[in-house]
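Reading through the structure tokens given below for one structure.
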Amino acid sequence: MSKSTILAIFMIVLVLGKVTKETQGQEMCRDILMKAKNCDEGTCDTLCKQKWKGNGSCFPNVYTYRKSCLCTFPCKT
């Protein structure tokens, strides 16, 4: 193989390795807020933005028989 072919293969492997590393931090994490209180959509979304810089939505929590706030946000690497 010529030097240019080997260099091209090396560069492709290097670029693919960088792209793979960058996309690993894109995973989403979750946290449940307002377990003791009944969830309000506006309050839930505001709390999530303040605490995690994420989005919040209410869901029926079968363990507390109330609506809880589910906060979804990008995981930190």
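Just so you know, glycine gets a Cβ as well, placed from its N, Cα and C.
Taking Cβ-Cβ distances under 8 Å and a sequence separation of 6 or more, the neighbours of Cys29 (disulfide bond) in its chain are Trp52, Thr72, Phe73, Pro74, Cys75. Cys29 (disulfide bond) falls within a strand when secondary structure is assigned with DSSP. The annotation disulfide bond is assigned in Swiss-Prot to Cys29-Cys75 (among others).
The secondary structure of Cys39 (disulfide bond), as reduced to three states from DSSP, is coil rather than helix or strand. Among the features that Swiss-Prot reports, disulfide bond is placed at Cys39-Cys58 (among others).
Taking the Cβ of Cys69 (disulfide bond) as reference, residues of its chain lying under 8 Å away and at least six apart in sequence are, in sequence order, Ile32, Leu33, Met34, Cys39, Thr43, Cys44, Leu47, Cys48, Gly56, Ser57, Cys58. Secondary structure from DSSP puts Cys69 (disulfide bond) in a beta strand. According to Swiss-Prot, the disulfide bond annotation covers Cys44-Cys69 (among others).
The annotation disulfide bond is assigned in Swiss-Prot to Cys48-Cys71 (among others) on the grounds of similarity to another entry. The number of other CB atoms found within 10 A of the CB of Cys48 (disulfide bond), across every protein chain shown, is 21.
The annotation signal peptide is assigned in Swiss-Prot to 1-25.
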